[in-house]
Structures are given as structure tokens and as C-alpha cells.
Amino acid sequence: MILHTYIILSLLTIFPKAIGLSLQMPMALEASYASLVEKATLAVGQEIDAIQKGIQQGWLEVETRFPTIVSQLSYSTGPKFAIKKKDATFWDFYVESQELPNYRLRVKRNNPEVLKVDFTKQYSGYLDVEADDKHFFYWFFESRNDPQNDPIILWLNGGPGCSSLTGLFFELGSSRINENLKPIFNPYSWNGNASIIYLDQPVNVGFSYSSSSVSNTVVAGEDVYAFLQLFFQHFPEYQTNDFHIAGESYAGHYIPVFADEILSQKNRNFNLTSVLIGNGLTDPLTQYRYYEPMACGEGGAPSVLPADECENMLVTQDKCLSLIQACYDSQSAFTCAPAAIYCNNAQMGPYQRTGKNVYDIRKECDGGSLCYKDLEFIDTYLNQKFVQDALGAEVDTYESCNFEINRNFLFAGDWMKPYHEHVSSLLNKGLPVLIYAGDKDFICNWLGNRAWTDVLPWVDADGFEKAEVQDWLVNGRKAGEFKNYSNFTYLRVYDAGHMAPYDQPENSHEMVNRWISGDFSFH
């Protein structure tokens, strides 16, 4: 969500009030640093005189438009959860490599009969970066079909700050968790024809932990590459299988960077075959033009806002886009952070204040901070001691989303950066890319995703722009529409929200099976 939650969670978290933005200073300093930009510079230890006047103006614009944000900022972090390090004998395997001397992979063979999430072979464990005290949790499920030959998928949720176990238990994984905290078999799990790795990243997400933090996508990419290299070293039987990276929401940032990092590594021991991004945030400068149309009746659903609110969104849009453009030009935290704060409040805020579900424009929130009460069942399930013991979890409290990470990424300027440039790079290198979007999502809506794919510069951009939109059929029924040229495909999924596998499990299952079978055109 975009917190994204998964990515979505991340999206929710971008609103200062929703994420509890806290950049509060010591009380002795509060009086002398009254403005938002002064607070921000103090928080990161930079002198205000060193900040360009134009950038300062961006912060002042935020403060003028949204005055309450100053009182909501605090420079503080929450308590770190207790860590329960497992004895060395708990782990079945340790994996190390001379090429990656700072990394180690711990592997535990899981007994499927204990948790009954699936009957397939499973492993869980941690990637350790001891020098930086970083520990990434993962859970691997073999394919239900032909694990020796089926593809491997790495699944990433977004936020930033949301656990990929949300994808496992809420969307595309082996089981759903019901109100009685029992796993319910999912016949449309994506591991029907692929083995899947669920990775909690960056650190301090889900069961991952660290005494430090990661606040930008590029740094996270280096750790993900190391994880994959050690994983495939331990499981050489998968090295020649197709390997895909898939995710949603803020993974629209993660995946392009991670895939580009992987392709830059000449000694990789696995076969990156494609990437899939669902309802992603990838090109903010284009996508932020489409919050007003989606909220105001132009996205295939009735308007949820009165005319004056829609007009106000248009009035503030020009300033929003100018701030994002400044971020694209400089890519500095002090330019990009005010763009995120201003635009998220001006373009997402009016919809969010209605109380409707930002992940599905058809629905009201039905409970919980992420609008889905079922997500609370997952948190409760994963906080049970017998579950944590079975997985080897070393964190005593599991949370679907970590709002501090969301805040850290926002204030590091990561939110508004032009990560679509990495998609151009991937396409130019010949890697197949699928961008899919449920058409009832608001926060990373299909209008914005369609728009940025249409204007993306790459070697075959002209051909993609001119390609015809065609019906996507599942079992003879219209399930969406797609556009394809060469190795680039955009797919609109009908009647699905931010999390397409949740709303349209059968159609999403067909989508991924067709894609990983090598049908990159959907013809």
C-alpha cells in the first residue's frame, strides 16, 4: 500500500496527520526555530543559510498553505521493539560469499504442518548485515506445481514501510487469515505456478529490524541484490529458472531501482526475466495530475467531491507540479520533501478527508488505519508466539506498516523523485515490464499510470504511443484492457482497487500466469 499500504500504507502515511509526522525539537529550541524550514534544517543538521532561497520558498509555501503542519512536526522516534535473537542451533543453514563479505543469510526449513499456510516446501530466515546491524526477514514458498522448473517471484509491498507479508495473507499468497486467526487456503495463490519469496524491506519493516534506518530506495537496492545473490547460491537448483520481481504501490519506486541494480551486476547467479508493478507510484510529475480527475468523476466512477473541492484541487495543482519539477531537477531532500508534503495534502487530502477508502473509490473504510479490518487479523495472527517461533522471527511485535519509515523516506526526499527513469533504462536493456492498475484505486490510480506509461521516453516509445488499446479477456469475459509494444505492457484491471489480487483474485491469477509463461504481449 502507499504508506503505500503495502504501498498503500505508505500512501496513507504521507499525510502528516495520518502518519503522525513527528519532527519535534527539544523544548528549549522550539521558540527560536518557529518556521517549518528552520525545523527541517535543524532536524538534519544543516544550516538554513546554506539552503537556496528558492528551496526555502518551497517550504514557506507549504507552511502558508498548511499551517498546522508546523505543530505536527516533531524530531523524535518511537521505541525499538525487543529483539529475541535465536540460538545458532535454531538455523539449518548459514550462507556466505567472498564476493559479499558483509552479508550472511540464515535459513530455517519450515514444517508446513505447524502453521498450515500451505503444503509446499517453505523456508524462512534473515539476511544479516552485521556491520550495520541490519536484519531482513524473508519467507519462501515453493510452487504448488513444478518447483524445479517454475519461475521464481520476489514480491515486495510498498508504503514505504509496509510488510510484504500483507501481500502473502491479504492478496496473492497461499492463505488468507480469517477472524478466527485461521489460515484459509487460497486457490488463486500466485504460487500455483511459481515459487514466491516475500521479503520485508527496508529494515524495521515487518519482522525485519535494525538499530539504524534506511530512508531512500537506492540504498535499499544494494541490500536486496545481496539477498538474492545469497539466496540463489543456497538454492542452485533455481539459478536457471526465470526470475521476476513483482510488487505494488511504493514498489513502483523500489522495483525499477532494484532491477537496474541487478542488471548492473555482471556476476549475478540468477536470471532476471521481467518486472511487474501494480498500482505503483513511479512518475509523480505525471501521476499527480490525475488525482483531481479520479476524485471528480473522470476515472469511471462518480465524483466523490463537491465542485468547489474539485476546483480547489485544480487551483493548487500548478504549484504542486512546479514543486515536483524542482525535485526532478535537483533531486535534493530539501527540494523534494516540500513537494511531497504540499502535493499530498493538496491533491490527496480532499479525498482522504471524506473518509472513503483511498484504495477503492467504491468503498468506505471498514475499520483499521488502512481501511480493511482483515489487515488487523493478519497483525494479530503474526503476533502469536507459536507463529513467530515457527518462523524464527526475532522481533517481538509485528506491525503491517511502520509509519516512521514512511516519514523518513518522505523527509529524505525519496517520495517525489523520478524513478520512472529507471523504467526507461530497463526497457532499453530489453527487460520486459508490466505496469498493471486496478481501475477503482484512488491513491495510485489507473489514469495516472496510463498517462506516465504513454509519455515514458525509451527506444520504442513511438511504437508504444501508437499501439492500440485492446480488450483483455479472461475465460471469454472482458477483464480489462491492455496496450503493448515490444517489451512494454500496460494493463488496466477492471473492478479492482489498489490491491488487484484482493479484489480480482481469479483475473489477477490469470494475469500473472500469462505473464510468467512468457506471454509478455497479452495477445
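Including glycine, each Cβ sits where the backbone N, Cα and C put it.
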#### Entry: Bond partner of Cys162 - disulfide, per Swiss-Prot - picked from Cys401, Cys444
Cys401
### Query
Which of Cys296, Cys327 is the other half of the disulfide bond that Swiss-Prot records for Cys310?
Cys296
### Summary
Among Cys320, Cys327, Cys365, Swiss-Prot lists the disulphide partner of Cys343 as Cys320
### Message
Please identify, from the disulfide-bonded residues Cys310, Cys327, the residue with the sparsest Cβ neighbourhood, meaning fewest other Cβ atoms within 10 angstroms.
### Response
Cys310
### Task
Specify the nearest of the recorded positions Cys296, Cys320, Cys343, Asp441 to Cys365 (disulfide bond), where nearness means the distance between Cα atoms.
Asp441
### Query
According to DSSP, which kind of secondary structure is His498 (active site) found in, if we only use helix, strand and coil?
coil
### Query
Across all protein chains in the structure, which of the disulfide-bonded residues Cys296, Cys365, Cys401 has the highest Cβ count within 10 Å?
Cys401
### Task
Measure from the Cα of His498 (active site) to the Cα of every one of the recorded positions Cys162, Ser249, Cys310, Cys320, Cys343, then give the nearest.
Ser249
### Query
Tell me which residues of the chain lie with their Cβ under 8 angstroms from that of Cys343 (disulfide bond), as long as they are six or more apart in sequence?
Pro284, Tyr288, Cys320, Leu323, Ile324, Met416
